[in-house]
Amino acid sequence: MDAIKKKMQMLKLDKENAIDRAEQAEADKKQAEDRCKQLEEEQQALQKKLKGTEDEVEKYSESVKDAQEKLEQAEKKATDAEADVASLNRRIQLVEEELDRAQERLATALQKLEEAEKAADESERGMKVIENRAMKDEEKMELQEMQLKEAKHIAEDSDRKYEEVARKLVILEGELERSEERAEVAESKCGDLEEELKIVTNNLKSLEAQADKYSTKEDKYEEEIKLLEEKLKEAETRAEFAERSVAKLEKTIDDLEDEVYAQKMKYKAISEELDNALNDITSL
């Protein structure tokens with residue numbers, strides 16, 4: 001009987017232990033189910049987060065791709081700009097060389113102009129001398145004309161006296177001879193005056209020819225000076241255009257450099273964000 005009681009107690013104890021174990025198992029089951037549900041929720045959240053991260057990574061990848069394309073375009077623009085700058089530098093060098101040559105030609109032209117002005121001054125002084133000589137020759141010619149007129153008057157008087165002597169040949173033979181001598185002297189002097197008049201006329205023609213020659217030279221010098229001034233003005237215009245082109249290209253280069261720097265900073269920021277996102281994914 002005692003054995004049965006002990007066995008009943010043992011069975012009762014085993015039953016209580018079994019009930020406790022069952023309750024514990026039920027609690028463990030519920031805890032496991034709760035944990036499993038929590039894990040499933042965490043898994044779903046992780047899947048959503050992973051999907052969002054993948055979308056974000058894809059978005060960042062597209063942004064990086066766009067940034068790389070923009071960077072390549074900016075680098076290409078920078079390369080083209082450097083080529084343009086090199087070409088512009090060559091053009092500037094050519095313009096400077098052409099400007100130096102123009103300045104040399106201008107200096108030569110100014111020297112020639114100075115020489116021409118000196119020659120013109122000398123020519124002007126020569127013209128004044130020639131004019132003074134011409135005035136003196138005119139005065140001399142007027143004097144010779146007066147002398148010629150006087151000689152003609154003397155000749156006329158001689159003719160009249162000759163006629164008078166002819167009428168009074170017998171009485172005035174001696175006076176007739178003197179009148180004939182005076183007439184011969186007058187005729188000789190008249191011939192000399194005619195020769196001097198021819199010489200004066202030739203001198204005047206020579207002076208007129210020289211004056212025309214100097215006038216032609218002066219017109220030629222004026223044309224050369226005008227041509228040189230036009231060439232100088234053209235060279236100055238090309239130099240101003242080259243300076244404006246240089247300033248414009250320098251501004252373009254500065255803008256491109258700013259754009260390249262901005263693209264690099266943007267690419268750096270995107271790379272940092274992408275690295276952080278990848279680190280977050282790796283840590284998960």
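Every residue gets a Cβ built from N, Cα and C, even glycine.
Note that the structure is predicted; figures quoted are calculated from it, not measured.
Listed features, source Swiss-Prot:
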| type | residues | note |
| --- | --- | --- |
| COILED | 1-284 | coiled coil |
| COMPBIAS | 12-40 | compositional bias 'Basic and acidic residues' |
| COMPBIAS | 51-78 | compositional bias 'Basic and acidic residues' |
| MOD_RES | Met1 | N-acetylmethionine |
| MOD_RES | Thr53 | phosphothreonine |
| MOD_RES | Ser61 | phosphoserine |
| MOD_RES | Thr79 | phosphothreonine |
| MOD_RES | Thr108 | phosphothreonine |
| MOD_RES | Ser158 | phosphoserine |
| MOD_RES | Ser206 | phosphoserine |
| MOD_RES | Thr252 | phosphothreonine |
| MOD_RES | Tyr261 | phosphotyrosine |
| MOD_RES | Ser271 | phosphoserine |
| MOD_RES | Thr282 | phosphothreonine |
| MOD_RES | Ser283 | phosphoserine |
| REGION | 1-78 | region 'Disordered' |
| REGION | 117-136 | region 'Disordered' |
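In three-state terms derived from DSSP, the residue listed as 'phosphotyrosine' belongs to a helical segment. The average per-residue pLDDT of the prediction over the coiled coil (1-284) is 64, rounded to a whole number.
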